[in-house]
Amino acid sequence: MEAGGERFLRQRQVLLLFVFLGGSLAGSESRRYSVAEEKEKGFLIANLAKDLGLRVEELAARGAQVVSKGNKQHFQLSHQTGDLLLNEKLDREELCGPTEPCILHFQILLQNPLQFVTNELRIIDVNDHSPVFFENEMHLKILESTLPGTVIPLGNAEDLDVGRNSLQNYTITPNSHFHVLTRSRRDGRKYPELVLDKALDPEEQPELSLTLTALDGGSPPRSGTAQINIQVLDINDNAPEFAQPLYEVAVLENTPVNSVIVTVSASDLDTGSFGTISYAFFHASEEIRKTFQLNPITGDMQLVKYLNFEAINSYEVDIEAKDGGGLSGKSTVIVQVVDVNDNPPELTLSSVNSPIPENSGETVLAVFSVSDLDSGDNGRVMCSIENNLPFFLKPSVENFYTLVSEGALDRETRSEYNITITITDLGTPRLKTKYNITVLVSDVNDNAPAFTQISYTLFVRENNSPALHIGSVSATDRDSGTNAQVTYSLLPPQDPHLPLSSLVSINADNGHLFALRSLDYEALQAFEFRVGATDRGSPALSSEALVRVLVLDANDNSPFVLYPLQNGSAPCTELVPRAAEPGYLVTKVVAVDGDSGQNAWLSYQLLKATEPGLFGVWAHNGEVRTARLLSERDAAKHRLVVLVKDNGEPPRSATATLHVLLVDGFSQPYLPLPEAAPAQAQADLLTVYLVVALASVSSLFLFSVLLFVAVRLCRRSRAASVGRCSVPEGPFPGQMVDVSGTGTLSQSYQYEVCLTGGSGTNEFKFLKPIIPNFVAQGAERVSEANPSFRKSFEFS
């Protein structure tokens, strides 16, 4: 656990010591180049491609760039040639001042893979500055009593060049009284001193004028001159003397303006005006005069402006004390500027890699450098980012860092990161700087479209119009852009016999489903298929969902009368004995409806009758029965019209016409079971009742047929009016087949009637149905209960 914590801290917080680390951090020695100052923009420094051992194309492909400290770019890199060029004219004096050698550090940043190459450019000084005196004229007062060999300080000149091009020596115009010496300060700057060679005589020559020349070591040399005006004075025995020849003082850089930082003091043993002392800067530079102020009476040295350790960390100020007689003394004040933590750390961003693909692994997102102009602990810097981000900081060469992702990101969870890099120094108080980097995560097609439902159920009423919008499917994709654009399609059906392409279509853009043709519930009640949703990513991802289409029934089929047949042939006459009791079953109207549900619920009613009140129709099963006792007064022929109506909205109907013939002496037939019946006596009573009921209805019908045949054979006078009863064979119309199994019972019948005088037996046989699909439910139950039951009855 502790090891993990240490590793985390290494990733999250890095301490940077602002020291020159050298080329070892880069893994190789620094490459060194040189160029003379004042070269024009575009000057060729070196061919980096050759020095790095890379082809020009490879240099460009790796995104090579030059990174310098600060925001000013002194160099440019040509990706066409691989040349390192100057981006501007370089002024060595502006960049480095008196520092020698003048070195500019820069890095070559290469990516894919990330690589730093540390480089140095030395700027060679050219002799482009002449020595310049701070004062063009110097006024000296020298006592006539001054002894030969006396050294008199003079104001120095300044040359901004360095090395041999800097100021080298001083000369004066030849004369018999003076010569000049060239001295060097501790910092290497040279200053002149005037040496008296011969005593002066004011009566002989009260004033002298000399030319002081400062020469540098350039080729050709440059020079600067100043005029020295010397006035020979009468005797002033004592010159002012400072209490200290050298004052050293340390001053904080944030010391307030007008603060007294040091007080110099000098004394003069003379009296009167010769003993009165005034203080002044001795040939001070413009920078010193802008920074300090000297009280001429008290010797207090004050600040005129704030000090800046990062710009100048020390000053050497020469002070002159002069009495009223013109004699002077000299002292030097060394001001050491003490660094204060007054500069916050700075961050310079070199490159940002954004956006990055969400599936990328450990990836460099940004390269940046940090710096602090302060020194010591004030210049030590810590870098950190928030702990809850999937990134870490990785130190690179010198003061460079890389911001690296820990692994693959998820754009669908978070598509943008605002990363705050905090850099803090170790000064007191600590100063910090925050820098925000926005990293965008680009989408990768890693999410398949997802339907809002696993399956969809759509309801369509039959007889719809073609191109009817029957419903929609919808899928969404968590990706973005083209990776989230979904295209819908119909997948091949699992049932090869389903003509899906002629039934429905789908809009590829929005998932709307359309019926291509009118659907028929009686032909197709339901079907299912699968739809696919595919995105436009590469590679494309897809998903699928199940769609069930349920066709709703419409009342588009009228009832169809199976019996009695209504095909325009000779009507079938039902025979009823006049002795029949009320409720006697005359016949049964059998009808079917091709619809389903309540659209197929049929009801029956007697619409017309020759003699109202004699017959009635049961509303639910179509049975026609006698309503009262028959009498001799009732007509022999009756015509009944039965209305068959379904329960749809609006209802549909059909009519059946029945012909009933009342006959005399025709009694209720008795139909005993055949001899094989005792073997079935053990059957369930309920089954027997069902069989007997079915046999009774069939026997009544067969009996009527036999009677009709007998009358025809006897050629009675009433045969013409009765006619022959025949039931045509053959199947009923195919459109009435109940494909759902939920419609009205549909059954065709065929009867064979055998009635002969000498046969010795009377049999009524149920023959096999012409259309096997129409099987009466009641008959199925009888067949299942006793499949060996013989469908034959005998008249007694």
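These residue numbers are counts, starting from 1, taken along the chain as shown.
Even glycines carry a Cβ here, placed using N, Cα and C.
What Swiss-Prot records as N-linked glycosylation site, among Asn436, Asn463, is residue Asn436. Mapped onto DSSP classes, the domain 'Cadherin 2' (138-242) shows 3 helix, 54 strand, 48 coil. Note: the domain 'Cadherin 6' (568-671) comprises 4 helix, 46 strand, 54 coil (DSSP; helix = H, G, I, strand = E, B). In the domain 'Cadherin 4' (352-451), helix, strand and coil residues by DSSP number 4 helix, 49 strand, 47 coil. When the glycosylation sites Asn169, Asn436 are compared by the number of other CB atoms within 10 angstroms of each CB, Asn436 has the fewest.
Closest by Cα distance to Asn169 (N-linked glycosylation site), from the glycosylation sites Asn418, Asn436, Asn567, is Asn436.
Within the domain 'Cadherin 5' (456-561), the DSSP-based counts of helix, strand and coil residues read 8 helix, 48 strand, 50 coil.
On the 0 to 100 pLDDT scale, the domain 'Cadherin 1' (35-133) averages 85 in the predicted structure.
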